[in-house]
Amino acid sequence: MLIGCASLTIQLGKRTILKDISMGVEPGEIVTIIGPNGSGKTTLLRAMIGAVAPRSGRLIRAPGLTLGYAPQTLHIDETLPMTVQRFMSLPKLGTASDIDAALSQAGVPGLEKQQIMSLSGGQLQRVLLARALLGRPRLLLLDEATQGLDPRGVADFYRQITSVRDELGCAIIMVSHELHLVMRKTDRVICLNGHICCEGEPDIVSRSPEYLALFGIDNDDEAAIALHSHGRGRSHHGSLSRAG
């Protein structure tokens, strides 16, 4: 296991955001966390990178684990000129060759001299991915990495994520609202709503009562289930897990 939680509970002020979260991620997995707004998805990722302290429970990391993180939003002063290369060098200096390699892995080679504020939404998301790839992390954390993209852009981004996993051998944890693509492009789904409602392989989770209570189902969901590839499924995730 690369990273995991054991009975993790997080409070912000008097409000409990996450309660009794227990989960783990194995090398090479793509795990997608889904849930309604305010369900604690971003908070869980922030806990994994050490930005939020749990009230109780434990966060477990493999020794020497390296992380790459792409946040949900990017705040840059529009009046401040900044090239992609400069952005990717902060807060520590990345070499030109490392930056070039990361941009290529993210599917946007040759953007080093472009101004950050001139990028399209799709290009910016790829640059955030490239920045997270610097240092070749063993675990990649992506928070709503496809927000603002059109359906084709979302599909292209998911293909790139799979390519990154295959090339680097890293595990990937994604927060996403793209339910249809999640069911095709991930190994395991964790359905979160302040606690883990259910988790498992996408086709199993999508039929669970807990998932249906949150999201319902339509023909597009059924088509997505049919298109899901089982090639990278693991036997110990072959059944549905529910919160006790």
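Any Cβ shown, glycine's included, is placed from N, Cα and C.
According to Swiss-Prot, the domain 'ABC transporter' annotation covers 3-218, on the basis of sequence analysis.
Taking Cβ-Cβ distances under 8 Å and a sequence separation of 6 or more, the neighbours of Gly35 (ATP binding site) in its chain are Lys41, Cys191, Leu192, Asn193, Cys197, Leu214. DSSP assigns Gly35 (ATP binding site) to coil in the three-state reduction, placing it in neither a helix nor a strand. Residues or ranges marked as ATP binding site in Swiss-Prot (evidence: sequence analysis): Gly35, Pro36, Asn37, Gly38, Ser39, Gly40, Lys41, Thr42.
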Listed binding-site residues (Pro36, Gly38, Lys41), ranked by Cβ neighbours within 10 Å, top entry: Lys41
Count of other CB atoms lying within 10 Å of the CB belonging to Asn37 (ATP binding site): 6
What is the one among the binding-site residues Ser39, Thr42 whose Cβ has the most other Cβ atoms less than or equal to 10 Å away? Ser39
Cβ-Cβ distance under 8 Å to Gly40 (ATP binding site), same chain, at least six residues away: Ile10, Ile17, Leu18, Leu192, Asn193, Gly194
